[in-house]
Amino acid sequence: MGKEKTHVNVVVIGHVDSGKSTTTGHLIYKCGGIDKRTIEKFEKEAAELGKGSFKYAWVLDKLKAERERGITIDIALWKFETPKYHVTVIDAPGHRDFIKNMITGTSQADCAILIIAGGTGEFEAGISKDGQTREHALLAYTLGVKQLIVAVNKMDSVKWDKNRFEEIIKETSNFVKKVGYNPKTVPFVPISGWNGDNMIEPSTNCPWYKGWEKETKSGKVTGKTLLEAIDAIEPPTRPTDKPLRLPLQDVYKIGGIGTVPVGRVETGIIKAGMVVTFAPAGVTTEVKSVEMHHEQLAEGVPGDNVGFNVKNVSVKEIRRGNVCGDSKNDPPKGCDSFNAQVIVLNHPGQISAGYSPVLDCHTAHIACKFDTLVEKIDRRTGKKLEENPKFVKSGDAAIVKMVPTKPMCVEAFTDYPPLGRFAVRDMRQTVAVGVIKSVEKSDKAGKVTKAAQKAAKK
């Protein structure tokens, strides 16, 4: 077996018709978690439906359809392997909750793969001014996805024309630079997701293509295929050395055991014997045991979805959206207000002070008031454009002072990224996204259980 491969998460972005599904489907099909039986079943169905030219998008369409019908399909189907990594494809966009998922997301992407359609006219449509592509790329960058790979798809439709590829690289470099990425760190790979050129094996259709290269801290890295570009992602550092932050997804009451909060460790570690504080509830108690998939764990680390048993705390005292942390190491606290950089994505009107939509931040879902519009800024550079604007509208970015209508626990993005980004939901869609700059924390004394006092004496 050797050493376990590192896990990385990628998010696939691009225009609706760029061939995202086909390309992702191809990788999953060739290197991935779909077993032969499932594929044979799909192939048979495809043939019966006269889709005999069965291609990879079909795989993905099946998975998506099952997902949207609420059948939670085995997420292993969205995984594939490279020599170095286990790769999980996080919800590709197009899904209406994509933006919300990406922010509150079960997982932060380590790298974004931008798929551009190389076909005549298609490329231009994909990254035009109003393009969704721009929105998704900007989101990825704003939300801290610092690595990017660009795949120029459908190169077969332009007969593998070298000049076309170079023209697209030039345009796309400008595009990703405007978003905030440095094009020198981005591999550009010409592919055909349909035929498989340069996906896993180097293609023979483009003798002119010498391969991609990118600059990293440790020097230049080169390769030919999309799979190699994914394999060359810089390994993510998982924040185990930070203080514990664990947003609760649910709290269960289990007969004979007691209260069991469940959630995903975002930073730090949790283990039995620790004295933890829940914010904004203000409850401090001892962790009796930690488990994952019904097995006892010595410790839960970032990325683990754990359940843990706490003493002397009733189910009524803590709830989804609370955050658990180490009482002795920067314990989490509720907040009175926070300042955030907010980007308005699609709001039909104007947003002015007093607007109170619902914020989704980690697992919390709470109405917050836009208390003061402090300044309007340039989305890319962050430079101030206007002091105290009267309102902001779609496309604008602003620094806003936000006041939660109920107690909530958030953090500055620079300290704890997963607790410092949020989606603003209104009219059943994501109208804005934000990154928290600073937090005004509330200091209120809370309840310390007997178990916590006892543990403290040890």
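Cβ coordinates are placed from backbone N, Cα and C, and glycine is handled just like the others.
Under DSSP, K20 (GTP binding site) is assigned to a helix (H, G or I) in the three-state scheme. Taken from Swiss-Prot, the feature GTP binding site covers 14-21, 91-95, 153-156.
Taken from Swiss-Prot, the feature domain 'tr-type G' covers 5-240.
Sequence annotations record features per position, and here Swiss-Prot assigns N,N,N-trimethylglycine to G2 based on similarity to another entry.
Per Swiss-Prot, N6-methyllysine is recorded for K3 (among others), and the stated evidence type is similarity to another entry.
The N6,N6-dimethyllysine annotation in Swiss-Prot covers K3 (among others), and the record cites similarity to another entry as its basis.
Under the heading N6-methyllysine, Swiss-Prot lists K30 (among others), citing similarity to another entry as support. In the three-state DSSP reading, K30 (N6-methyllysine) counts as helix. Neighbour count (other Cβ atoms within 10 Å of the Cβ, all protein chains): 15 for K30 (N6-methyllysine).
The N6,N6,N6-trimethyllysine annotation in Swiss-Prot covers K79.
As annotated by Swiss-Prot, N6,N6-dimethyllysine applies to K316 (among others). For K316 (N6,N6-dimethyllysine), applying a Cβ distance below 8 Å and a minimum sequence separation of six or more within one chain yields no residues.
In this structure, K316 (N6,N6-dimethyllysine) belongs to neither helix nor strand by DSSP; it is coil. The N6-methyllysine annotation in Swiss-Prot covers K316 (among others), and the record cites similarity to another entry as its basis.
Around K390 (N6-methyllysine), the C-beta neighbours below 8 angstroms that are at least 6 residues distant in the chain are S352, L373. Here Swiss-Prot flags K390 (among others) as N6-methyllysine.
The region 'G1' feature in Swiss-Prot is assigned to 14-21.
Taken from Swiss-Prot, the feature region 'G2' applies to 70-74.
Note on the region 'G3' (91-94): its mean pLDDT in the predicted model is 53. Look at Swiss-Prot and you will find 91-94 tagged as region 'G3', backed by similarity to another entry.
Sequence-distant contacts of the region 'G4' (153-156) (same chain, at least 6 residues past either end, Cβ-Cβ under 8 Å): 18-19, 22-23, 115-119, 122, 164-165, 190-195, 197, 205-206. The feature region 'G4' is assigned by Swiss-Prot to 153-156, with similarity to another entry given as support.
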Recorded positions listed as K20, K79, least Cβ neighbours within 10 Å: K79
DSSP three-state assignment (helix, strand or coil) for K390 (N6-methyllysine): coil
The region 'G4' (153-156) - residue tally per DSSP class, helix then strand then coil: 2 helix, 1 strand, 1 coil
Cβ neighbour count (within 10 Å, all chains shown) around G14 (GTP binding site): 28
Candidates G14, K20, K79, M155 (recorded positions) - the one closest to K30 (N6-methyllysine) by CA: K79
Minimum Cα separation from K79 (N6,N6,N6-trimethyllysine), reported as the residue among binding-site residues G14, K20, M155 that achieves it: K20
